[in-house]
Amino acid sequence: MFIMTKYFTSESVSAGHPDKIADQIADAILDAVLAQDPYARSAVEVTTSTGDVSIFGELSTSAYVNVRQIAMDTIREIGYNQAELGFTADSVNVSNRIVEQSGDIAQAVDSADDDPEQLGAGDQGMVFGYATNETDNYLPLTLALSHRLMRQIRDVREAGTLNYLRPDAKAEVSVELDDNNQVSRIAAVVLSTQHDETVTLDQLREDVRRLVIDPVLPQELVDDETIYYINPSGRFVLGGPQADSGLTGRKIIVDTYGGAAHHGGGAFSGKDATKVDRSAAYFARYVAKNLVAAGVADKLELQVAYAIGVAQPVSLNIETFGTAKIDEDKIRDITAQLFDFRPLAIINHLDLRRPIYKQTAAFGHFGRTDIDLPWEALDQVDKIKALM
């Protein structure tokens, strides 16, 4: 009988990837606005291309921020600060086409149709939260490793350890799964990184394997059959926005769960917390993570849907993929008893009117151990256990 080997793959990209540059600029603008006006409404979008950054979208605020300077500072911080990169902080043209938020949308959000004391959802739509006990940070191993590879290559570049590296990079990790869908081994690693013209491909591959990949991968999951693809296309000198255009919201799977869970389609960066695309997705992750950490299931996905101008969710669904340790009706009861999914309740519970967003715009919004994010807190575990 033929038995098909099962695999799962996730990817991540560096802070210097064109789409991530756009995300970071959008969230840097949002943070600057929130620092002056915590009640600002923001839906900022950014495009990046050869020598150009375009900023547009909607913003309603009493704050004044220098959008052009924020964009230039963000680009420089990422590492685009040398003329040979083509796209640089000092040479880029920044255009600002931000307009004020529609009054129709504003009035729908300011006072919910079903509860005037609450904020209405900023739009219709559904969001998903997910957690798995596969890793200590409750993310799929493939995504956790892909993010770590991107942070590691940033670190060796910024430290000057590999001074020929340039900011644009991508990583992808594939694992083999056993009959119980548990990770049995790492099957393949793909890592592509931009570099100077001076380095040979052989030298780059040797250095990246030794200083970037090997320190990150769990050695107990690596074997003689693990395949490494390091710059498999060969030369990668021209990169970043000089080679590819970038846009906010095009890395939503990298930002969330690496393909292990559903996605409602709404992106995060540039949006303030009245946008349930962002705030409710964060809260859904918070709920899922606390439920899994409390032991109700090995992995759990939560879907929440909203109507524009209405506070209470239209629907809430919980999926445990056959891993529940208690009755699923009990899980739903616990969730309803402990967690309030109305937008204003979410904003207040997670304290989301603060300038905390730029730090999330690269290397993932979830499972972060390098920064302190309120939706990653495990402060509801004891309450959940008491109700189990």
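Any Cβ shown, glycine's included, is placed from N, Cα and C.
Model, not experiment: these values are computed from the prediction.
Among the candidates GLU58, GLU134, GLU206, GLU319, the residue that Swiss-Prot annotates alongside GLN101, ASP244, LYS275 as binding L-methionine is GLU58. Around ASP244 (ATP binding site), the C-beta neighbours below 8 angstroms that are at least 6 residues distant in the chain are PRO18.
Note: GLN101 (L-methionine binding site) has non-local neighbours ARG41, ALA43, GLU58, LEU59, SER60, i.e. same-chain residues 6+ apart with C-beta under 8 A of its own C-beta. Around the Cβ of LYS271 (ATP binding site), the same chain contributes LEU30, SER42, ALA43, VAL44, ASP277, ARG278, each under 8 angstroms and 6 or more positions distant in sequence.
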